[in-house]
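Residues or ranges marked as active site by TrEMBL: 79. Residues or ranges marked as active site, proton acceptor in TrEMBL: 174. The feature Zn(2+) 1 binding site is assigned by TrEMBL to 77, 140, 197. The Zn(2+) 2 binding site annotation in TrEMBL covers 140, 175, 379. TrEMBL lists 207-306 with the feature domain 'Peptidase M20 dimerisation'.
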Ligand SMILES: [Zn+2]
């Protein structure tokens, strides 16, 4: 099977994960795909193949040199986003893309147009794998899986390329933020690893947000409105005062690059009680801590006016910036840089405005930067993947394997 044959086969599996399931994997269909991959790895002659009850599939490509070489890993996730169905994915290949609109679905008038997605024009002349306009594509992250497996097959077929022991790992439930939770880092047994889960060619990521949630509960005092003078405290109005204490412009819609924010993600309220749900994000750890402090400070300000216990803030850290775990091992970034250059790719270092499985793995003791997988417009019907990008990502995996042993 070629890289593209593999990719097209993998996207035919519906592996959508589910936020509300509470079990691992969150959907049984991910296990079906994991079992398929296991049998493929068996047929290809991989060693130390294991699939645990949580749907984590590991395998080994043994070293072909006696030289002491660190064991490294490549990781991709099997699930697709809960945002859009992944059932019945029917991809089509647009050969030699000419820069015009691509009609994905005639009857529903779904068009992939460079007017809305100018990044299409970066791929003029290439061959694009697109959807039928009714599902996502699933390049996130089946492109990563196809690239990793095909790269390992390439190494098997090219024994002149010397490499150390290489582990591959495929996990469920990345899209619901749980891909790393049950990842057995010790069993994986690598000095470091790379997730193949980025977008555009050249992307290399080893910084992400520090993240916390803040639940702000405002207590009111309800009294019959006809007799409420100087008695009633309307928690919704007090919550509004709290919201107004937050700085203007420090919201997702007003920030980019390394700017952090407070993001109000939900309100429920009545006179008696209002709950504001925030998420707090910042790449800088000190600024992140200061943002959390600010939430407490603003609550205290309101309480001064309305009495203690009017506003309570419950802060919960969610994940941290992997940069602090990568900095002591920067050679793993240097290797990725060099591998990209040797594969004819210009590295583009970008700070992730979100989290990754790699960040959590880094804090579990497996430093794990993220590398492009080549797909674009993830999580929706406009997702597409240039074949040439997938091929480059595959070669980056080969080159990294080679460079680690050089
Ligand atoms: Zn992904």
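Just so you know, glycine gets a Cβ as well, placed from its N, Cα and C.
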Next on the checklist: I want to check the contact list for residue 197 (Zn(2+) 1 binding site): same chain, sequence separation of six or more, C-beta distance under 8 angstroms. What comes out?
Outcome noted: 75, 76, 77, 140, 141, 144, 174, 356, 357, 358, 370, 371, 373
Item to check | Helix, strand and coil residues within the domain 'Peptidase M20 dimerisation' (207-306) as assigned by DSSP | outcome: 39 helix, 32 strand, 29 coil
Next on the checklist: Is it possible to get the count of other C-beta atoms within 10 angstroms of the C-beta of residue 77 (Zn(2+) 1 binding site)?
Outcome noted: 26
Checklist entry - Listed recorded positions are 79, 140, 197, 379; which sit with C-beta under 6 angstroms of ligand 1? => result 140, 197
Checklist outcome for this item: CA pair residue 175 (Zn(2+) 2 binding site) / residue 79 (active site), Å rounded to integer, equals 7
Checklist outcome for this item: Same-chain shell around Zn(2+) 1 excluding 77, 140, 197, C-beta within 8 angstroms of the CB centroid, reads 76, 141, 144, 174, 175, 195, 196, 373
Item to check | Rounded to the nearest Å - Cα separation of residue 379 (Zn(2+) 2 binding site) and the residue listed as 'active site' | outcome: 11
Checklist outcome for this item: Taking every residue in the domain 'Peptidase M20 dimerisation' (207-306), the average pLDDT works out to 97
Checklist entry - For the recorded positions 79, 140, 174, 175, which Cβ has the most other Cβ atoms within 10 Å, all shown protein chains included? => result 79
Checklist entry - Other than 140, 175, 379, which residues of the chain come within 8 Å of the Zn(2+) 2 site, judged by Cβ distance to the Cβ centroid of those residues? => result 80, 81, 83, 136, 141, 174, 378
Next on the checklist: I'd like the number of other C-beta atoms within 10 A of the C-beta of residue 379 (Zn(2+) 2 binding site), please.
Outcome noted: 15
